[in-house]
Amino acid sequence: RRPLPRGGARMVRNIPEAPAGCKPEDLKDPCGDRPVKEAPLPPGQMLGMKNDIFNAKGVPDLDLLKTHLALEGALSQELLLEIIRRAADLFLKEQNLLKLNDPITVVGDIHGQYYDLVKLLEVGGKPGEGSQYIFLGDYVDRGSFSIEVVALLFSYKIAYPKRVRMLRGNHECRQMTSFFNFREECDYKYDEEVYNAFMDAFDTLPLAATINGKFLAVHGGLSPELNSLKAIGNIDRFCEPPREGILCDLIWSDPYEKEDAAPAKKKQGKDQGFITNQVRGCSWFYTFDCVNKFLARNSLLSLIRAHEAQLEGYKMHKTNPSTGFPSVITIFSAPNYCDVYNNKGAILKFDNSTLNVLQFNCSPHPYHLPNFMDIFSWSMPFVIEKVTEMLFYMLHPSAGRCDEEEGLPDLPPALAKIYRNSLSEDENNTVALASQLAQWVEANDGKEAKTGGGDDLEARDRMRKKVRTIARMARMFKTLRQENETVLRLKGVCPGHKIQPGLLLAGKDKLNSELERFGHAAEVDLCNEMRPDEEAPTTTPSPLRRSISFTQEQGVQKEESDKEDAVQKDDTAEGQGL
């Protein structure tokens, strides 16, 4: 693979754009010295606007785009901004609550795992070819290919605006993308203008959808303020999600499980089925009874949501006794989440009033150091271990653990010649040591050893403590060096390059167990499920900032709603028996 330069937009600026009307050429290999020759050569040129990506009808060449991105090819900034702008214009015209019918495929979290997204589209079928898709959010963060994920999904949206639907997740906001790695990815691959354009486009994403009039699809779940589906249509979604309210709850809340958190404060009043969500740091847990009441009140069968990693890629929650159907279905579509969880990915397919679950495993992907770490930062554990080892051996003799022969005189040359011819090697060594000791005793016979008394003992004690500290550091850095890749994978789970305290000192076995078991990986990552306390950083508005008021947008939404209702009225009635 070609090395990628550091430093924001320099990555794109250092790659030439393909000539007009031509496809990008592969990176040249004039010396023929690639260690892994079977790996396909990455594109050596960017894909740009002048490469006829859009046809006369404005539809992008999806096969070219998907293949180019899969080979780690770059898009020109002009092309990427155009894709974002066109997709945002389409989202802007959609309602907060979409009304959809089968056949349709429901997709959960993707989290920047581009190569798993390509596999997902193979399993579920290409959008537009008889397949309709709804994505439930969380397209970015955690993985290293979030830009590629969103660029491809936005391109599918442009090509098939009525067959590809995208909802907003809790990571599609400025606060979360700054706390995790999407903003860093944008700065590394492009610049702040691209990041701002993505954020403004995320502000336009719809919030929920109904399928066949019987299933409600959202990213997170319910809200104490959500009594009917009509309330979703009254939300002003064109903003950064607040820390409370319906918009926050739709993308942050979770179904309540008995093992979730310690006893928490319940919401008072008529809606007592909500419990403070201490795991997320905002929003609520909604109970089984609360969900059943909401479903009955709105003539729904089940709530379909994403937002939580699942070992099998999905989870059918407790069955509603009145319908015999799971009250909540969680779907998660990022297999081997963060390269750590060892979980499967899954999608839901609705077809002819039948619900099927399709599972898939993770796909190989190019290796990136977490958070786009450079090679010098990656090599530091090796250097630190050697420096610590040198320091340890420098202090080691002073702690009273001297070499056996320190301070002993050498034997006379004549004696060495005489005895070594008649004894074995081990016996010669023993005699030599005994002779040296005898000479030293004879030379120092009758002399009083000079000691420093209590001061000398205190100095030795201080030195021993230093040696123990250095030894502890040496053991930690040895683990860090030997298990460098494992540790980096764990650090990739956590923003801020932090992993669970004490994990390095536990050694290789502990690290492996954390990776092998889903539950342990989830425990390590639990602190990152909480919403950050700090507010989202302010950004300069991009040209994509919406230019119409919310009142005007409601009028656009109502017109679009009337059109969809007229087209889908018969299909909705037919789907009532699901």
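Glycine too: its Cβ is placed from the backbone N, Cα and C atoms.
What TrEMBL says about this one:
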COMPBIAS  23-33  compositional bias 'Basic and acidic residues'
COMPBIAS  537-555  compositional bias 'Polar residues'
COMPBIAS  556-572  compositional bias 'Basic and acidic residues'
DOMAIN    167-172  domain 'Serine/threonine specific protein phosphatases'
REGION    1-33  region 'Disordered'
REGION    529-578  region 'Disordered'
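In terms of DSSP secondary structure, the compositional bias 'Basic and acidic residues' (23-33) contains 0 helix, 1 strand, 10 coil. Here the domain 'Serine/threonine specific protein phosphatases' (167-172) is broken down by DSSP into helix, strand and coil counts: 0 helix, 0 strand, 6 coil. Mean pLDDT across the domain 'Serine/threonine specific protein phosphatases' (167-172) comes to 98 in this model.
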